[in-house]
Amino acid sequence: MGDMRSLVKMLMVVLFLGWIFIWIMISTDLYKSKWTPKLAKNLNTTYFGPQGTNLVLLTVPMMFIAVLSCVYLHTQKKPTQPQRWQAKFRAFGLRMGYVGHYCWAFLFFPVTRASTILPLVGLTSESSIKYHIWLGHVSNFLFLVHTVVFLIYWAMTNQLMETFAWNATYVPNLAGTIAMVIGIAMWVTSLPFYRRKKFELFFYTHQLYGLYIIFYAMHVGDSWFCMILPNIFLFFIDRYLRFLQSTKRSRLVSARILPSDNLELTFAKTSGVHYTPTSILFLHVPSISKLQWHPFTVTSSSNLEKDTLSVVIRRQGTWTQKLYTHLSSSIDSLEVSTEGPYGPNSFDVSRHDSLILVGGGSGVTPFISVIRELIFQSQNPTTKLPDVLLVCAFKHYHDLAFLDLIFPSDISVSDISKLNLRIEAHITREDKKPETTDDHRLLQTKWFKPQPLDSPISPVLGSNNFLWLGVVILSSFIMFLLLIAIVTRYYVYPIQHNTGKVYNFSYRTLWDMFLGCVCIFISSSIVFLWRKKQNKEGDKESKKQVQSVEFQTPTSSPGSWFHGHERELESVPYQSIVQATSVHFGSKPNLKKILFEAEGSEDVGVMVCGPRKMRHEVAKICSSGLAKNLHFEAISFNW
């Protein structure tokens, strides 16, 4: 069909050029003197007479062209309206985009660390990260289907260039294409393999979320952007407040290097910083990475340790390896910034008659803060404390040094006398206790000199200052509404109604995003500076208390009771914990037996933190119905 159309077209062109040529030659002497007699002899027949020449040369070609053009136009593929199934196919792709957009209405709530929404439903940012991951997977899958469907639809209807169209008065498809490319990059690098094995790639790619939001918002427009505005608005308030907190350098008091090559860092804090057990703290060390922030478990209790905050760091991955190398070298200070701490809004550790804590490896660390909180509550004679069983599994014997961190170094016998603590420790990859221990693997403590720019960790707007956070949210949102109203009424409205033009589709969305950021910046900065001024006196007092620590620094580092290192009289609590600890070699804990043996208590709280397999096993036992007194709670930091 295509070859025939080309042949017909070529024939029409030849005929038309010949027709024009005859018209040009008619007025020449050559045509009149030489061509006319010959043409008249051959073409002026008895049928047509003297009109024969003009009929053949000037009339027939054009009439023939007219007939050929009918054939040509008939065989041309007519632009038709999409068939019914194509319209339904397009509608399907559109609905996939709608559902993905609905997912975005909740996407940023779980990653708002100082959220005022999550505590209302008993969640924290750390425990709800999985919802962010699920929503991210679902929304990106739906957006990918949406994109593929429209690419196929445009290809079927000869509109493939619509992929790169940027319509000033309607949906800019190119913005959606760019957003999808960024979204796919973030999606792929957030899969478990990249997130856990190549964290840096995941982290740096995820910083593109700002561009993703901008192009996505321009694609959907201001009206649809307002549907998902609440969670984005609250997230950016939280993100900016965290940025303001992170600009301060935190005072690092000491670092303890465990025989298992793990670390415990102790920071100074103001007495106004309150947090619950199982909280986490985000750390940033500029000498290692200018951008990376990493979360670590808080092991201290804000009630028991008024002026310090401690976290445990497992030596795993490039960042923690570099940190370990830094702290193992001969340095007297380290620049560190912090965010947090963040944790549950409330955590009642004494609500059960008995408490079974199951931890695997570094999963023991959240329970250190739980035990320290129980030590604080034991000082109240009216408080009924639960019996505590700590079941822990370690790969190697030297990992038992984690248990050295259960008690603060300045604890006394009387402080722990009311705590009924029993520890069952299992060493899974060794059959017996090592006969010798290298001296260099004993627990070591390094103390750091205070620097002029260092300051204690101060309260964040959130769990410590919900009212002030409410002021930020309310003032910034009211300011946003006022500015949007002013811009729309006195800038956008005159353009549309005085000139008759439609205001640019994307510019309206950009106005929303720009004014929202301005309002968040102004409101958050004012409240933050006001709170900073109020906390200034408290910071000075805390700095004085921290500086006094330098005069109390011990001449030798605390040792490890599992490695036979000598301790002074203050080590009596550690001897007590040794007596309460049973160490089992070459086997994993029999969790089913341990949990069912707790049937004697009416109310048993079971908390587990560790590998996924361990968490699932404990959850299965507690939900089996064989022991109705078990109340399960899992702690997971596997993002």
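Just so you know, glycine gets a Cβ as well, placed from its N, Cα and C.
TrEMBL has this to say about the protein:
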type: COMPBIAS; residues: 545-559; note: compositional bias 'Polar residues'
type: DOMAIN; residues: 245-348; note: domain 'FAD-binding FR-type'
type: REGION; residues: 540-561; note: region 'Disordered'
type: TRANSMEM; residues: 7-26; note: transmembrane segment
type: TRANSMEM; residues: 55-74; note: transmembrane segment
type: TRANSMEM; residues: 133-154; note: transmembrane segment
type: TRANSMEM; residues: 174-194; note: transmembrane segment
type: TRANSMEM; residues: 224-241; note: transmembrane segment
type: TRANSMEM; residues: 466-493; note: transmembrane segment
type: TRANSMEM; residues: 513-530; note: transmembrane segment
Across 7-26, 133-154, 174-194, 224-241, the most C-beta pairs under 8 Å with the transmembrane segment (55-74) come from 7-26
Same-chain residues at least 6 beyond the ends of the transmembrane segment (466-493) with CB under 8 Å of its CB atoms are 114, 116, 233-234, 237, 241, 503, 508, 511-512, 515-516, 518-520, 522-524, 527, 531
In this predicted model, the domain 'FAD-binding FR-type' (245-348) has a mean pLDDT of 86
